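*Asks:* First the structure, which I've put down as structure tokens, then a few questions once you've had a look.
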Amino acid sequence: MLATDSDPIVAIATAAGRGGIGVVRVSFGRGGEAAALPLIDALCGQRLAPRHASYVPFVDEHGAPLDRGIALYFPAPHSYTGEHVLELQGHGGPIVMQLLLQRCLDAGRGFGLRLAQPGEFTRRAFLNDKLDLAQAEAVADLIEASTEAAARSAGRSLDGAFSRQIHALVEDVITLRMLVEATLDFPEEEIDFLEAADARGKLAKIREQLAHVLGDARQGALLREGLSVVLAGQPNVGKSSLLNALAGAELAIVTPIAGTTRDKVAQTIQVEGIPLHIIDTAGLRETEDEVERIGIARTWSEIERADVVLHLLDSRTGMTADDEVIAARFPGGVPVVRVLNKTDLTGVPACVEHPAAAGDLTEVHLSAKRGDGIDMLRAELLRIAGWQAGAEGVYLARERHLIALRAAQEHLAQAADHAEQRAQSLDLFAEELRLAQEQLNAITGEFTSDDLLGVIFSRFCIGK
């Protein structure tokens, strides 16, 4: 049978493995109370008071107990999904959870109860107006947050901080659209009417607010995605030592033997709440060793995908001919920072040198062995990422949000151009406003394709 958004669904809502508590969640969809009450009777042997915790046995089809725990019944619309929902909180062993799940499926076979798909409970919450799309995505972002700052920002998005900003923009665009489109109906008055209502001034304020929202969203995207930083360079220049220094732990083997690192070593660290995904790679050189050559090929693949490349050099030799060959292969669109390591052997103080001319690279002089200059390097990485100190109060945002905000920004810029031409382009002015509104509505899901919804919710865990 084809799954639909109105089917009754069930899933284990807690993570796999053993724990003190495990939760099985049922959302009854079109079955409503007519399905919920018989299932509650079958599993719990008694009626449950709505929104009250009841300590009951969970029984099989013969009345024998499978477990004892807390049962919670939430009649619609006062539930997570907006439908009638039952939650069974039992002991968190995988066998117990599977027994409860199968018992629900068996008892609910008569009204079409099926296993939930990934993210289907949250999808129901979105479809039933319990959450908008940005808030629904924040549920997954909160679960997946890799830093405290990311978790707090996801919580703000879930609370509606991002959505409120978008809704305010949409309301302002709608108000301006109404003004412009009403003016189109009275062409003999269009110039005086628009000027009297200060249409261009209103548009300028909308664009200013959108730029502010986009700036905050960029900061939120950094909190969510972080920065991929690849350590690259010749063998034995201290890449593994730098990874260990940045991470504050001995993660990579460090020896004076060239070619010790043959495959990547990755570690995520936090700097001001931003996850930095540091990747130590095989030293770049010509070699006949087949295993090392595979590692070097993987290094170049990582460099192609990097957000930032740290090109490590030995400060005793500086930029050699071999280093020039390596630098020439770096992809043009990836920022590169030249890191001169081993200043403990040269006596050069740790420092950051920003480029004096276009085309030059930032240079960081440091000692990974002693830790000199490591904080300077962290600060430089945050600067490249565009992180603003104190921005941890922003909401979390995704790449699709940034794309929509930039598209709306472009449409509003086009609208401003048409507004300057007055009557000759008034219909185009109105159309650009409509397109900007459409992009903003896509963020909260008021205008969203079914295909996009499928992609978003398929990335959730089952049971959420």
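Note that Cβ sites are derived from N, Cα and C of the backbone, with glycine treated the same way.
Since the structure is predicted, the reported quantities are computational estimates derived from the model, not experimental observations.
Here's the feature list from Swiss-Prot:
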- Arg25, Glu87, Lys130, Lys464: (6S)-5-formyl-5,6,7,8-tetrahydrofolate binding site (BINDING)
- 226-386: domain 'TrmE-type G' (DOMAIN)
- 236-241, 255-261, 280-283: GTP binding site (BINDING)
- Asn236, Thr255, Ile257, Thr260: K(+) binding site (BINDING)
- Ser240, Thr261: Mg(2+) binding site (BINDING)
*Asks:* For the binding-site residues listed here (Asn236, Ser240), which one has the lowest count of neighbouring CB atoms within 10 Å of its own CB?
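*Replies:* Minimum Cβ neighbour count within 10 Å, taken over the binding-site residues Asn236, Ser240, occurs at Asn236.
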*Asks:* Cα of Arg25 ((6S)-5-formyl-5,6,7,8-tetrahydrofolate binding site) to Cα of Ser240 (Mg(2+) binding site): how many Å, rounded?
*Replies:* 46
*Asks:* Across all protein chains in the structure, which of the binding-site residues Arg25, Lys130, Lys239 has the highest Cβ count within 10 Å?
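*Replies:* Highest number of other Cβ atoms within 10 Å: Lys239.
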*Asks:* Quick one: Cα separation, Ala282 (GTP binding site) versus Ser240 (Mg(2+) binding site), in Å?
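*Replies:* About 9 Å separates the two Cα atoms.
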*Asks:* Tell me, how many other CB atoms lie within 10 A of the CB of Glu87 ((6S)-5-formyl-5,6,7,8-tetrahydrofolate binding site), whichever protein chain they belong to?
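*Replies:* That number is 19.
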*Asks:* Hey, how far is Lys130 ((6S)-5-formyl-5,6,7,8-tetrahydrofolate binding site) from Ser240 (Mg(2+) binding site), Cα to Cα, in Å?
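*Replies:* Lys130 ((6S)-5-formyl-5,6,7,8-tetrahydrofolate binding site) and Ser240 (Mg(2+) binding site) have their Cα atoms 49 Å apart.
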*Asks:* Would you mind reading off the Cα separation of Lys239 (GTP binding site) from Glu87 ((6S)-5-formyl-5,6,7,8-tetrahydrofolate binding site), to the nearest angstrom?
*Replies:* 51
*Asks:* May I ask for the distance between Ser240 (Mg(2+) binding site) and Glu87 ((6S)-5-formyl-5,6,7,8-tetrahydrofolate binding site), taken between their Cα atoms and rounded to an integer number of Å?
*Replies:* 49
